[in-house]
Amino acid sequence: MYEVDHADVYDLFYLGRGKDYAAEASDIADLVRSRTPEASSLLDVACGTGTHLEHFTKEFGDTAGLELSEDMLTHARKRLPDATLHQGDMRDFRLGRKFSAVVSMFSSVGYLKTTEELGAAVASFAEHLEPGGVVVVEPWWFPETFADGWVSADVVRRDGRTVARVSHSVREGNATRMEVHFTVADPGKGVRHFSDVHLITLFHQAEYEAAFTAAGLRVEYLEGGPSGRGLFVGVPA
């Protein structure tokens, strides 16, 4: 999903654009403790470069991250040299321990292709949950909330670098096809450009809820969330 160039500019761009990882982690911690007051451990699934995990660790102490991309994990290890980080697939990972909370942020579950894969992922989340624990998932847009043809454009200047990002998103079958272009300029490397295409599944709300239910979780959908796409919260039924 993410290659070296993406991982290199990922944090710089989103931090420069104003994404507040600390506030988001604090809000998720409050949500977790509203369901599980004694929560003391957390697993961050699809942790990326560790920007949320860094702040989750301040909230819980006992944390771990799971990430599929080795490039992202390389950056996460630099950011969090003492963190417990695993390379693995959210659909079938087995870590041999359980957590008070299992969370997946930034709509990472949208990269799953089918309801079967979504169900397998949520079942893996539930498999790693302590009795009385909580699962929190930030979804991608639903079919009825996705804005077909959406164009996003931002320029970020940070740490001597300038990053311009433009994207165009259209509906393709049951997915969002997002074409993303980055132009990066810095004094040492000059100007470079890269692009890629993301296919992000437009699962229905009911399909998320069915995955939670099949995993033995009682599920609630909360509107809003960090990016306006809401949050699914599940506790053992």
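In case you wondered, yes, glycine gets a Cβ from its N, Cα and C as well.
In the three-state DSSP reading, ARG165 (substrate binding site) counts as strand. Sequence-distant neighbours of ARG165 (substrate binding site) (same chain, 6+ apart, CB under 8 A from its CB) are PHE13, SER152, ALA153, ASP154, VAL155, VAL156, VAL180, HIS181, PHE182. Annotation comment: Swiss-Prot describes TYR14, ARG17, THR145, PHE146, ALA147, SER152, ARG165, VAL166, SER167, HIS168, SER169, ARG229 as substrate binding site.
The S-adenosyl-L-methionine binding site annotation in Swiss-Prot covers TYR21, ALA46, GLU67, ASP89, MET90, MET105. According to DSSP, ALA46 (S-adenosyl-L-methionine binding site) is assigned to coil rather than to any helix or strand.
When the binding-site residues GLU67, ASP89 are compared by the number of other CB atoms within 10 angstroms of each CB, ASP89 has the fewest. In the three-state DSSP reading, GLU67 (S-adenosyl-L-methionine binding site) counts as strand. If you compare Cα positions, GLU67 (S-adenosyl-L-methionine binding site) sits closest to TYR14 out of the binding-site residues TYR14, THR145, SER167, SER169.
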